[in-house]
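What Swiss-Prot records for this protein:
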type	residues	note
CARBOHYD	Asn88	N-linked glycosylation site
CARBOHYD	Asn120	N-linked glycosylation site
CARBOHYD	Asn155	N-linked glycosylation site
CARBOHYD	Asn243	N-linked glycosylation site
REGION	376-421	region 'Disordered'
TOPO_DOM	1-14	topological domain 'Cytoplasmic'
TOPO_DOM	36-474	topological domain 'Lumenal'
TRANSMEM	15-35	transmembrane segment
Amino acid sequence: MRSHQAGRKLPLLQLLGCVAVFSVFVFTIQSSFFADNNRKLDLQPEDIQILSDFQSSVQQCVANRGLGLSAHIIDHCNLILKFPEGTNSTWYNAQFKVFEALEFKYNVCEAVLLWEQYRNMTTVLTREYLDVRPDGWLDYAAMRIAQLGADKCYNRTLCEEHLNVILPAKPPFHPRQFHKCAVVGNSGDLLKTEFGEEIDSHDAVFRDNEAPVNEKYAKYVGVKRDFRLVVRGAARNMIKILNGSDNEVLIIKSVTHRDFNEMIKRIPNPVYLFQGIVLRRGAKGTGMKSIELALSMCDIVDIYGFTVDPGYTEWTRYFSTPRKGHNPLQGRAYYQLLECLGVIRIHSPMRSERKEDWSSVPSREMISRAHTAALRLQRSQQPTSSKRDGSGQFGNCKVWGDADPTKGPVSGSPDMSETRKKSNYKKWEVMPFRSLRKEARDHYIQMKGVSQYKMDGNKLDDLVCVRHPLKLDT
């Protein structure tokens, strides 16, 4: 009898257990639902309205300046840029075996936050960055040295020997250092319009890779040479590329190499390594990195030689035969988005009649309001556990550190040639604070002497922030 009763109790206990598990499951779903609802309730109507108005302004800008592109708004943050029907997409992606798409989706809120952030960034690799970044010398430094012979800098002295010749102690360049800058691409359409004098009128000119500067192309691309961003392959020809200018700053996009160092020790030009995040969307290539570099130093960035006609079949260059490039339609769409976000100004033969007419681009005031609203929106949607203390200009600082109070070593090595030792290659590193443009000095004070760097390989808003003493007389 007792055995029979025990047998009846067992299914009953199992049933009660199932009910309990189901109740917990339902409670979890409800909690998640209400948590999501509460997160949505964090969205402020005024912020949504500001961002919606900004989207409408961007849409109108694309309609006026997009040369056939159109913007289709999804919500207050997302839109799609579409090429017109009938656009001949001839760019074939052999890896995925598809032709390039004719429409691209972008999150404008994220784009505004990212590109406004570059206006406060340091985009040159420095010793202070490696000192402050967690495992900066052990891990990251090794990633920037080709053929090191190890995956990490177990021997820091050896790694320093590789980097010293191009590693300044602190940022050699500063936000707001120049007012108006030109970034000159390599597109063949540069030969359609004589932009040379206009390009040379800028405070600083940025060029890419091996693009020549000579009398043959002077009326098209100018002759002014201030900065040049090069990929690893072009860096192998740096002596030839830099010939004719002792002051042009060479910035290597990827890694250094012992062969590069031997060449650097023989030339009078400043040479540094680029430091910046790898974009997962948007246009790819050196041109985009040149824009990042320019934006970290300049108020206004004008770009030339980046325009591509929808449907073209070859990646043309103004100084050589066509060659294979990458994602022209995606690049064209993304550059247009950047112009309508106030990041760049596009110059091309197709726009010669619209010269200096930027009235359809959202104003700095509207962009600033959209940036503030996007920042509040971003932080309201972050899980409580991931939110950091602080807000404002330092709210995205993930890692903090202090710069060495001493001035620190300038880039270089004892075995440099007499040509380099007697040159002015370190002029940017030793430039007195009082010699900076007033806007750059004011920005430095506003930032309380803090340098901000991107944390490569992490989230877009994770920064390494380094404090400097506010010694304004140095």
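Our numbering is plain: 1 for the first residue shown, then up by one each step along the chain.
Heads up, the Cβ atoms here are built off N, Cα and C, so glycines get one too.
In this structure, the CA atom of Asn155 (N-linked glycosylation site) is 33 Å away from the CA atom of Asn120 (N-linked glycosylation site). Straight-line distance linking the Cα atoms of Asn88 (N-linked glycosylation site) and Asn243 (N-linked glycosylation site), rounded to a whole number, equals 41 Å. Annotation note: Asn155 (N-linked glycosylation site) sits in a coil segment as assigned by DSSP. Cβ neighbour count within 10 Å across all protein chains ranks Asn120 highest among the glycosylation sites Asn88, Asn120, Asn155, Asn243.
When the Cα atoms are compared, Asn243 (N-linked glycosylation site) and Asn120 (N-linked glycosylation site) turn out to be 32 Å apart.
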